[in-house]
Amino acid sequence: MKRLLLLFLFFITFSSAFPLVRMTENEENMQLAQAYLNQFYSLEIEGNHLVQSKNRSLIDDKIREMQAFFGLTVTGKLDSNTLEIMKTPRCGVPDVGQYGYTLPGWRKYNLTYRIINYTPDMARAAVDEAIQEGLEVWSKVTPLKFTKISKGIADIMIAFRTRVHGRCPRYFDGPLGVLGHAFPPGPGLGGDTHFDEDENWTKDGAGFNLFLVAAHEFGHALGLSHSNDQTALMFPNYVSLDPRKYPLSQDDINGIQSIYGGLPKEPAKPKEPTIPHACDPDLTFDAITTFRREVMFFKGRHLWRIYYDITDVEFELIASFWPSLPADLQAAYENPRDKILVFKDENFWMIRGYAVLPDYPKSIHTLGFPGRVKKIDAAVCDKTTRKTYFFVGIWCWRFDEMTQTMDKGFPQRVVKHFPGISIRVDAAFQYKGFFFFSRGSKQFEYDIKTKNITRIMRTNTWFQCKEPKNSSFGFDINKEKAHSGGIKILYHKSLSLFIFGIVHLLKNTSIYQ
C-alpha cells in the first residue's frame, strides 16, 4: 500500500511539472521581449511589472510597432516570427526615438578616424582593411573623405569593448545579441563606434564579418538611422552576405546623399549595349520562368529559351517577343493558367503567348503586398499546390492562385520556410518537381518535399557549356554560333519564331485531338 501511495505521489509531482516549465519559458520570452523593447523601442518599463494590465497594453503596442518595422504580420502578440527577430544578432542603436530619424551630419567632408585597440580575432592588417573598406562604402557615393590617424582625438574613434565600458551610455551583452553601436555626428561621443569584443570577428570565415558590421555602424556615425528596407545596409539585423559583392541599396544611397550630397557629376560617356554570353562563368540572371514546355532566362534586354529534353538554346531580344516590356526585369513566373507574370520595381505585366494583356502594368500592391515592398526579387509557382512564392530580401510571401489572395502567416523568413536558402534569391523556377533558386552565379536544386538542397551548380548549367569562356569573349551582335556540348545558339529571329510557332501548334493540336 505504501508503494502505491509513493507511486501516486510521484506521478502527481511528475505530471504537474510540465505546465511549470512551459510557464517559465513564456515568462522568459516575455522578459526577453521587454528588454528588447526597452532597448530599441523606448518601452521604458523597469523591473518585473508585466502582470499589470496597463504595462501589458504598452508592451502590446510596442510589439505592434516592432512588427510593423520588420514587415511582420502586425498582431501585438509575441509569436514565433517576432521572437525569432528579437533573438537575431543586431546593431545596438534603437530603431525609434531620436535615432528613428536621419540626423544632421558632420559640417565638413574631410573626417578623421582612429582605431584605439584591435580585436585578437583578426590580424591587425585585416582589421585596418575592414575598417577602411567600411568607410569607403560611404565615400564612394558622397564627397566624404576619411583619413586615419594614430594619435589624438579623431572624429570617429573606433574601439573593441565588452559589457559596460567607460563613459559609454550603452553596453554590450556578451556573445550574440548586440554586435556594435555608434553615435551620431557631434562633440564628445559623436561619431564614436564600438564593437563587442565578446563576438568572434572575422574577415571571411565563421563568425561575424567585421566589414559588414563596421559599414553599418559607420552609417550611424555619419548621421543615418535604421532602415526597414530589408535589402539596406542600415537594416538593424545582421545579414550574412558576400562582402566582395556587397552593394549599397538605393535606400542607403538616398539617405546618405540627403545629408552630404552625391559625387560631383562627370560627363556621361555613351554606353555600348552589352550582350551576355551563355558560357560566361560569372553569368547571373535577372529572372527565370517556365512557359509551357520551355524555360526562359532573362538578362538585361535579352532572354535565352530552352525546350524540355531538347538541347537547342535560343537567344533573343525580349523586345522581339514583347515590345512593350522593359529591360532588366526582376522576377517572373508562370501561373496555373499558362500566363506569365513579369515584374519590375512596383509594376507587373501579364503575358499570354506573344501578347501582353491590356490594362497592364498593374501595381504589385494589388496582389496584396504592403506599401513598404518596392520590388520583387524572385517568384515561383508550385504547380502541385497552386501556391506562388514571392521573395523580397530575406522574406517570402505565399500567394494562393485560386483565391488570388496572400496566405495568412506570411511573410516568413526565407530560411525558415526553405531551410538552407539563407539569404536573398535572385531568380527561381520549378522543374520536374524541384525548385531551382539562383543567387549570383550559383543555382541550388531544392527538394520541396524533404526541404533539402540536393545539388549546387552554375546558373548556366542549363546551357551545357563544356568549359567556361571568358566573359570578354567577342562575338557578332547579329549572329553567334557557339558549339559547346552539342548546343547551337541561334540568333535569327525569323527561325526562332518559326520553331516556336511549330512547337506550340503541334502541342495544341495534340491536346484537342
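Just so it is clear, glycine is given a Cβ too, placed from its N, Cα and C backbone atoms.
Positions annotated as Zn(2+) 2 binding site by Swiss-Prot: CYS91, HIS216, HIS220, HIS226. Residue density at HIS226 (Zn(2+) 2 binding site): 23 other Cβ atoms are found within 10 A of its Cβ, drawing on all protein chains shown.
Residues or ranges marked as Ca(2+) 1 binding site in Swiss-Prot: ASP121, GLU199. There are 25 other Cβ atoms within 10 Å of the Cβ belonging to GLU199 (Ca(2+) 1 binding site).
A coil conformation is recorded for ASP155 (Ca(2+) 2 binding site) in the three-state DSSP classification, outside any helix or strand. Around the Cβ of ASP155 (Ca(2+) 2 binding site), the number of neighbouring Cβ atoms within 10 Å comes to 20. Annotation source Swiss-Prot lists Ca(2+) 2 binding site at ASP155, GLY188, ASP192.
Here Swiss-Prot flags HIS165, HIS181, HIS194 as Zn(2+) 1 binding site, drawing on similarity to another entry. Following the DSSP three-state reduction, the secondary structure of HIS194 (Zn(2+) 1 binding site) is strand. Counting only same-chain residues at least 6 apart in sequence, those with a Cβ under 8 Å from the Cβ of HIS194 (Zn(2+) 1 binding site) are ILE158, ALA159, PHE160, ARG161, HIS165, CYS168, ARG170, PHE172, GLY180, HIS181, ALA182.
The Ca(2+) 3 binding site annotation in Swiss-Prot covers ASP173, GLY174, VAL178, ASP196, GLU199. According to its DSSP assignment, GLU199 (Ca(2+) 1 binding site) is coil.
ASP426 (Ca(2+) 4 binding site) falls outside any helix or strand according to DSSP and counts as coil. Taken from Swiss-Prot, the feature Ca(2+) 4 binding site applies to ASP286, ASP377, ASP426.
The feature disulfide bond is assigned by Swiss-Prot to CYS279-CYS465. Taking the Cβ of CYS279 (disulfide bond) as centre and 10 Å as the limit, one finds 22 other Cβ atoms among all the protein chains shown.
For the region 'Required for retention in the endoplasmic reticulum' (466-513), the model's average pLDDT works out to 39. Look at Swiss-Prot and you will find 466-513 tagged as region 'Required for retention in the endoplasmic reticulum'.
Among the features that Swiss-Prot reports, repeat 'Hemopexin 2' is placed at 326-371.
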Beyond ASP173, GLY174, VAL178, ASP196, GLU199, what residues of that chain have CB atoms within 8 A of the centre of the Ca(2+) 3 site's CB atoms?
THR162, PHE172, PRO175, LEU176, GLY177, LEU179, ASP198
Any idea what DSSP makes of HIS216 (Zn(2+) 2 binding site), helix, strand or coil?
helix
If you measure from the Cα of GLY174 (Ca(2+) 3 binding site), which of the binding-site residues ASP155, GLY188, HIS226 is the nearest?
HIS226
By CA-CA distance, flag whichever of CYS91, VAL178, ASP192, HIS216 among the binding-site residues is nearest to GLU199 (Ca(2+) 1 binding site).
VAL178
In whole Å, how far is VAL178 (Ca(2+) 3 binding site) from CYS91 (Zn(2+) 2 binding site) when you measure between their Cα atoms?
5
